[in-house]
Amino acid sequence: MSNPDRNARVTRLVRGMPASDGAGVRLTRVIGTSQLPDLDPFLMLDEFGTDRPEDYLAGFPDHPHRGFETVTYMLDGRMRHSDNHGNEGVLVPGSVQWMTAGRGLVHSEMPEQLEGRMRGFQLWVNLPARDKMCEPRYQEFTPEQIQHVEPAPGVVVKVIAGRVGGTAGPVYGAGEAATAPVYLDIALEAGASWQYGLPTGHNAFVYAYEGGVQVGEHEHARNVGAQELGVLGGGELVALRAGDAGARLILVAGKPLREPVARHGPFVMNTREELMQAFADLQAGRF
Ligand code: CO
């Protein structure tokens, strides 16, 4: 508030790029592009949002992952996932699936609808070397299991991971993740404002998916419009103020791992040798 050294500001502003993934799903890639290849510990952010079934019907048939976590947050639509370990379920609007791929699995993510709106995000979170070969794990939450708080007038925050005041998100409830993630879905009415204190040392970004939001204060204030991502830096206190149309955004933060990244498609390891091993293990059916 009064100490400007603690105020976060937008150090980079990037727009998502149209991309296609899976069997031809059209989406917007925001992290994982040539503009913003990663933001340690985040490796990728995709927004999918469309009313056109032809954009999503092909889905994401069987594909592997190893060495990181995939976080799917649905806003609209239904998606069925199933993996080669026998796990299966349907993601509904407002639900979150935080999947720790660890040593590896093969799964599919397919739309559970033939028409209507499909909207949400998939975020990839890196794992530290010590956890890359852990057993795969799911943390899956229904909308009812994710608490909403109203920390200021006209501000509603869904706490998916991390804390807002006394409210903790259900993901990594025991706080054991090396990246200590924060994932908030924030709705601001027109003109509403709120200030949030990030954990010290985290890398962080805001991504506006409706309306626009001013981030930072005074001469450092910068507007983040719809479908824009603002990389945050310079301090822990994130001051948000919605524009005339209000704003919906995600605020995501994590402790950087500062480890070498060897990455190829769905495998994210520390060395080239570990990547080669991942291919060999997949071919030998060891996922
Ligand atoms: Co996947």
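Every residue gets a Cβ built from N, Cα and C, even glycine.
In three-state terms derived from DSSP, HIS107 (Fe cation binding site) belongs to an extended strand segment. All protein chains included, HIS107 (Fe cation binding site) registers 22 other Cβ atoms within 10 Å of its own Cβ. As annotated by TrEMBL, Fe cation binding site applies to HIS63, HIS65, HIS107, GLU109.
Summarising the annotation, TrEMBL assigns domain 'Pirin N-terminal' to 25-125.
What TrEMBL lists as domain 'Pirin C-terminal' is 183-287.
The binding-site residues in question are HIS63, HIS65, and the one with the fewest Cβ neighbours inside 10 Å is HIS63. Taking DSSP states H, G and I as helix and E and B as strand, the domain 'Pirin C-terminal' (183-287) has 15 helix, 57 strand, 33 coil.
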